[in-house]
Amino acid sequence: MAKTNISPGMQQYLDIKKDYPDAFLLFRMGDFYELFYEDAVKAAQLLEIGLTSRNKNAENPIPMAGVPHHSAQQYIDVLIELGYKVAVAEQMEDPKQAVGVVKREVVQVITPGTVVDSAKPDSANNFLVAVDFDGCRYGLAYMDVSTGEFCVTDLADFTSVRSEIQNLKAKEVLLGFDLSEEEQTILVKQMNLLLSYEETVYEDKSLIDGQLTTVELTAAGKLLQYVHKTQMRELSHLQALVHYEIKDYLQMSYATKSSLDLVENARTNKKHGSLYWLLDETKTAMGMRLLRSWIDRPLVSKEAILERQEIIQVFLNAFIERTDLSNSLKGVYDIERLSSRVSFGKANPKDLLQLGHTLAQVPYIKAILESFDSPCVDKLVNDIDSLPELEYLIRTAIDPDAPATISEGSIIRNGFDERLDHYRKVMREGTGWIADIEAKERQASGINNLKIDYNKKDGYYFHVTNSNLSLVPEHFFRKATLKNSERYGTAELAKIEGQMLEAREESSSLEYDIFMCIRAQVETYINRLQKLAKILATVDVLQSLAVVAETNHYIRPQFNDNHVITIQEGRHAVVEKVMGVQEYIPNSISFDQQTSIQLITGPNMSGKSTYMRQLALTVIMAQMGSFVAADHVDLPLFDAIFTRIGAADDLISGQSTFMVEMMEANQAIKRASDNSLILFDELGRGTATYDGMALAQAIIEYIHDRVGAKTIFATHYHELTDLSTNLTSLVNVHVATLEKDGDVTFLHKIAEGPADKSYGIHVAKIAGLPKSLLKRADEVLTRLETQSRSTEIISVPSQVESSSAVRQGQLSLFGDEEKAHEIRQALEVIDVMNMTPLQAMTTLYELKKLL
């Protein structure tokens, strides 16, 4: 960046840019925001705007690009969406009154995690995450600057940190420590996050609870410091810090949520086709955000779940009142975001009108809730603060037709301020007064064509042609002489003109001051507004769940302490909604106290994955307090759900299907408890047949013997069905089929016992493969099945069985005993649970060489 022969203005730019090297600097110059040097070159490419230079004739012209100030937000949005930061430098004084270079300062740094204004507003949360590490545990804090939500927790390991960042869908992560190279790669390359750094802790006793751990305090304090440093103002809308524990919610990884299509469809990345889409009958932006939060974090507290259920039941039982409630909620605007705009000093008249309209609806909403006459609903009603004094202030102060911008005037209602009313009367009636003066002087002077005109230089004046100069009255005074006429004024006209000019100038200034005063008054209500927002959002979500339950004929689930799963005629709620009730085939799911694993076999395309997802969605809906898609449901409370459903390679991180399978399986068996739910679909298909079968069997045995979690394990390894002989808590189920005249019909119903055939060739037939190919496949299958009849599948004892199984007559796995002894010794020293997937594969390869 050359600094030779630069102007004072450019020196000012360079001095400011030096403090913001990692951000695009938008430098206000008149009606444009300008960018210079490397910023200009890069912005011209990213924003598709023209690139020019400030001093074209110089030896080294300075690259320059600019955007109009009135449309700058859309360009800022593009840069933020691409993961960049933007520093906005404004003119801090009127250029006309400035001595020398106009004073400029950065007034805000906008980052992907601190977006408040946007040309394309989104109702979803935008969380900025901060992470700190004390050498033992991680502190993780997050904030939505646009709503003021502020939370913190502590986590045991980086895997949990990564999962929480993914669940929050953060775009920017603030770090208070140095990452390892592997962690840096994960966050930047795999998760595409913008990393920022902060060392200073912001201490605010009003926001941060002293009961937190040290690492939680530093994470939250550094987050606050970063937000204040970038926003450069006091933020009165920031809420008191809330501490939460991951264990207080049903734990699910981002991969699990994605595979279950909870908040967006994994295939389209759209809301349509997700559980969020199904359950969203909310009427407010606040309700939409809260619903998504409930889906992301189902509860584990039975008491809290039952409270939600009870209110939904009350709403279901009162259709008319619930309909009135839904209609009233339609008039509620986004109080959280409006409050933040007030706090940021960006609220315009339209924002205050929306706030006033919302407050006007609150008494009606409160009255409707009272009409339900229910103790559980009354708890919500008692906490509703209607803020009548604020509603009255806005209603009496802000003109209902006020423009969106403060500078246009016509903001304040007539009758609110006497001085403003006087000025408006002068402006409104002044033209009439001038017309009266014109008529009076025309008649008195006898100048028939006498008229009053106006221009900026001379103001109001009498226009008199040269032919009538002899008739000019004595009280006229000359203001200007033209070739064919003269311009005159009078004391009376000057007085009226002075009053009108004063009224115009003072009215605009006074109206601005009044609006600022009103906005400052509104800011004092922010805490009460935020509490009201939470209650209205909760009411909105509960009425939404009631509407969905009634529309789709859902039932109220029950919970037990017996570790029993009973789902009668259950449905996959989302698939049913897409297909239609008439087309969907329901399935019952049953786990008694003794059963921990269902091993499900059956052909592809027959409904195994849907059956598994059905159980997961039923659990999630039930534990978020929703009613569920079934005839009857009785569930234990789960603490976590682990899934491996789907076989897409993780191409971004360079991990194969098999590696992803093993990593997700490892997370499940390490973290699951006997109160967890595990869903594994076709685990082991990403490697060779015998490797896959061996690993699948070992994982099933491990879950059975050591974990005890309720598990559905879908497999195409039919040999694994023999495990039910030795594993007492495992039962076989299969997808039923109907064979008739050589054709196979998949019934999509789950039945007891193992499947007797794979029907893979029939699936290929449905897919339309050539007949000659199918015939050849059938011949090969027949030969393989014949060969397999003469080959015994060897049952390898698990670790809980006697190590002397070979001596008890079981077939030896190896041909000679010496080699078997060598392999047995190698196996005994392997610490499977502490091996990485790569180490496991290497060890397996070494063992294979011993055969």
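Cβ coordinates are placed from backbone N, Cα and C, and glycine is handled just like the others.
So that you can see what the record holds, here are the features copied from Swiss-Prot:
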BINDING   Gly602, Pro603, Asn604, Met605, Ser606, Gly607, Lys608, Ser609  ATP binding site
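A 10 Å cutoff on Cβ-Cβ distances gives Gly602 (ATP binding site) a total of 28 other Cβ atoms nearby, all chains included. Cβ neighbour count for Pro603 (ATP binding site): 22 (other Cβ atoms within 10 Å of its Cβ, all protein chains included). Within 10 Å of the C-beta of Lys608 (ATP binding site) we count 26 further C-beta atoms, all protein chains included.
Under the DSSP three-state reduction, Gly607 (ATP binding site) is assigned to coil, being neither helix nor strand.
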